[in-house]
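The block underneath contains the structure these notes are about, expressed in structure tokens.
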């Protein structure tokens, strides 16, 4: 069976830190590595940051813009140059590429999500390496990915990848930032049971040009491993290490995946959608859902948070506010607020009409990875 690899490279690796100009030697090494993987029989996707950083360099700007409109304009300048460089380098090796620009909107809508999957499948059939970036030019703030670490994990989930490599400016995960704390301990392997107890001073900031930091990489690892994808953090200046890692060398930090048991639709619910609110449940409802595999009934709901409509995604939380599941609701928030705590037989009396007996049917409900661990 053909294996699929997603490789994400960050702005700090793609560009020279002093100037923001493209680090062409690094990009050339990356292109050569990805082409070797493709020739070896892998299906390869590259998630590339850098549009804003390259745009800043092209326009001789010293700082990343904070204004949304300016950021989107500069991304439009940088994306064209970035994809041209990739195309020129891949073309010298005879490897065709495609550009795919995504926003969260494409993953929220089920039909668009399936269309995106089919597009990737067709590109693989054509022998093409897709290059993915967030469509910064049109993404609205509440529907953006926020960083390409998250985007790469969601893409890996979408296409059912086997591996996700995050190429960054450190060689692996450490207990603290090794650039600031010389005694920081390297972490080479993380299994699912250890993930929840991982002690890492991750911080929140990335490089001056990027948007990610180690916090976003750990969030990406949670998405990827929960979806059955093995993830690796390794240094981006040596992309050839990807080949060595695939051959079994202990380079970087590897995150062992959980078994991929959920169907494609449930993975979409779990990772493709943005929760628009929360439902707080009593202990009986939590047990029925998490241990009994039951649907969510109105009687088990204690509190409603957020403003949402039917068919949107929400988080289900226990009495302490911890996420236990997420799913698609059959009622809007104002209706759930009226029927919470009541039996399903009373819905018609409370709302004036009889809708679904369940607030969330079990077919539209996914147990949280945190609750399973």
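Including glycine, each Cβ sits where the backbone N, Cα and C put it.
Quick look at what Swiss-Prot lists:
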- 8, 168, 169, 211, 212, 213, 214, 215, 216, 217: ATP binding site (BINDING)
- 49, 136, 148: substrate binding site (BINDING)
- 276-354: domain 'PUA' (DOMAIN)
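Taking Cα separation as the measure, residue 148 (substrate binding site) is nearest to 8 of the binding-site residues 8, 169, 214. Separating the Cα atoms of residue 214 (ATP binding site) and residue 49 (substrate binding site) is a whole-number distance of 16 Å. Under DSSP, residue 216 (ATP binding site) is assigned to a helix (H, G or I) in the three-state scheme. Here residue 8 (ATP binding site) is positioned 8 angstrom away from residue 49 (substrate binding site), judged by their C-alpha atoms. Across the domain 'PUA' (276-354), DSSP classifies residues as 26 helix, 23 strand, 30 coil. Mean predicted confidence for the domain 'PUA' (276-354): the pLDDT average there is 96. In this structure, the binding-site residues under consideration are 148, 216, and the one with the smallest number of other Cβ atoms within 10 Å of its Cβ is 216. Sequence-distant contacts of residue 8 (ATP binding site), defined by Cβ-Cβ distance under 8 angstroms and a gap of at least six in the same chain, are 46, 47, 48, 49, 148, 149, 151, 152, 164, 165, 166, 167.
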